[in-house]
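Swiss-Prot has this to say about the protein:
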- 32-137: domain 'CBM2' (DOMAIN)
- 132-141: compositional bias 'Low complexity' (COMPBIAS)
- 139-168: region 'Linker ('hinge') (Pro-Thr box)' (REGION)
- Asp247: active site (ACT_SITE)
- Asp283: active site, proton donor (ACT_SITE)
- Asp423: active site, nucleophile (ACT_SITE)
Amino acid sequence: MSTRRTAAALLAAAAVAVGGLTALTTTAAQAAPGCRVDYAVTNQWPGGFGANVTITNLGDPVSSWKLDWTYTAGQRIQQLWNGTASTNGGQVSVTSLPWNGSIPTGGTASFGFNGSWAGSNPTPASFSLNGTTCTGTVPTTSPTPTPTPTTPTPTPTPTPTPTPTVTPQPTSGFYVDPTTQGYRAWQAASGTDKALLEKIALTPQAYWVGNWADASHAQAEVADYTGRAVAAGKTPMLVVYAIPGRDCGSHSGGGVSESEYARWVDTVAQGIKGNPIVILEPDALAQLGDCSGQGDRVGFLKYAAKSLTLKGARVYIDAGHAKWLSVDTPVNRLNQVGFEYAVGFALNTSNYQTTADSKAYGQQISQRLGGKKFVIDTSRNGNGSNGEWCNPRGRALGERPVAVNDGSGLDALLWVKLPGESDGACNGGPAAGQWWQEIALEMARNARW
C-alpha cells in the first residue's frame with residue numbers, strides 16, 4: 001500500500017555542457033530561435049547511466065518543445081521523467097508534457113532519464129529543438145534599412161536583466177531536495193500553479209531508494225543525496241524499499257531476491273553520509289505472511305536495521321497505519337524484529353490517516369514497547385482518509401515536517417511520501433511514482449496552510 005519514488009541518477013559527476021548548444025522553434029508564434037542545452041551524465045555504472053538535460057530559452061517564449069538527438073554508440077533510454085521519449089534506433093526525440101511545455105524568455109525546462117550503454121557512452125554531438133539545429137548562438141539576420149527619421153528617434157526602453165534563479169533555503173532542520181519531481185514542476189510552473197506547487201517543492205521530503213537500480217547505483221544515489229544534505233547542514237530522510245516480496249505484487253511490487261537482500265542493504269548503507277533518518281521497508285511488517293516470496297522477512301529487517309545503523313542512520317521500522325491492524329499485531333511484530341538497532345517505528349507511510357488518529361495509535365504501540373519513539377508521515381493527511389488508499393481524490397497536504405518533543409513518544413512529523421507522485425495506475429493516475437500534476441495541485445489547494 002505504499003509507492004516508491006521514481007529512480008533518478010543524481011550524482012554530479014561527468015557533467016557536460018554541450019558546447020552551449022542552442023536552438024528554438026521557427027514558427028511565427030515562437031520566433032527568434034536561441035537557447036542553451038546542457039546534457040549532463042550524472043552517474044554511470046557498468047551497462048547503465050543517468051543523465052539530466054536542461055534547456056534554457058534565450059529567445060521568445062515557447063508553449064511546447066521537442067528536443068532531438070542521435071546516439072552513435074548504441075545507448076538506449078530506459079526510463080525518462082518530465083517528458084515523453086520516442087526512439088528509432090539511435091535517434092531520440094523527447095517532447096514536453098502538458099505542464100512543462102511553456103518556457104519564458106530566460107526560463108528553463110529540464111528532464112532526466114536512466115539509460116543503457118555498452119562499450120562507450122559519448123555525449124551526443126548535436127541537438128535540435130523544435131526542428132532547428134543547435135548552433136550555440138542566436139542566429140542573426142541582415143537588418144532592414146531604416147529610413148532617415150523626420151523626428152528624433154526615441155530612446156529605446158532598456159530591457160531589464162533577468163534576475164537569476166536562487167534556490168530557496170529550507171525553513172526547518174530537514175533537507176529540501178531540489179531534484180524532486182515536485183521541485184522541477186514548481187520551477188517550470190507560473191502564476192497560481194507555481195504558488196501552489198511551492199507548498200510541495202519547498203517542504204522537506206524523503207528520498208526513496210530501492211532496487212529499480214542496481215545496488216552500486218543505489219549506493220551512489222544515497223551518497224549524493226545525504227552528502228548534499230550534510231553540506232547544507234540539514235538532516236536527510238531516506239526510505240529503504242527493496243524487501244523481497246515487496247507490496248505483495250501490487251502497484252509497487254518487486255524487491256530484490258531473498259539471496260540478494262543482505263548484500264544489497266550493505267552496499268546501499270556504504271553510501272550513507274551523516275546521520276539520516278531512515279524509514280525501513282514500508283508495509284513490510286504490516287504485510288508479513290500475506291503473500292509468498294517473503295523469505296525470512298523478520299530476519300531481513302533485523303539485518304537491514306543493523307547494517308544501516310552501523311553506518312550512522314537513525315532507523316524507524318515501518319509498522320503500517322492506524323486503520324490497518326489492531327495494536328497487538330504491530331507490537332508483536334516489532335518485538336520480533338527488536339530495537340537493538342532501531343530507534344523506533346514509523347506510521348502512516350504513503351497513507352492518509354489523520355495525525356490525531358496516527359498519534360493515538362502510535363502512543364498505544366509505544367506504551368506496549370516500553371516507550372519506543374515513533375514518527376508519522378503527514379505528507380497527504382490534511383483531509384484524513386476517505387477509505388481509499390490508491391490516489392483518492394479530495395485529499396490535502398498535511399502538517400509540515402517538524403521534530404516533536406512533547407513527552408508523547410512522537411519523535412517527528414515527516415513527509416515520507418512525495419505528494420504529487422502517483423500511488424499507482426488507479427483512479428486515473430499514472431504508474432506508481434510518476435508525477436501527476438493534477439493531484440499535486442488538488443492537494444496543495446486543499447491544504448489548510
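Cβ coordinates come from backbone N, Cα and C, glycine included.
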Quiz item: What is the pLDDT of the region 'Linker ('hinge') (Pro-Thr box)' (139-168) when averaged and given as a whole number?
Solution: 40
Quiz item: Taking just the CA atoms, what is the gap between the residue listed as 'active site, nucleophile' and Asp247 (active site) in Å?
Solution: 12
Quiz item: Among the active-site residues listed here, Asp247, Asp423, which has the most company in the form of other Cβ atoms within 10 Å of its Cβ?
Solution: Asp423
Quiz item: In the domain 'CBM2' (32-137), how many residues does DSSP call helix, how many strand, and how many coil?
Solution: 0 helix, 60 strand, 46 coil
Quiz item: Which three-state DSSP class does the residue listed as 'active site' fall into?
Solution: helix
Quiz item: What Cα-Cα separation, expressed in whole Å, is found between Asp283 (active site, proton donor) and Asp247 (active site)?
Solution: 7
Self-check item: Secondary-structure category, per DSSP, in which the residue listed as 'active site, nucleophile' falls
Solution: coil
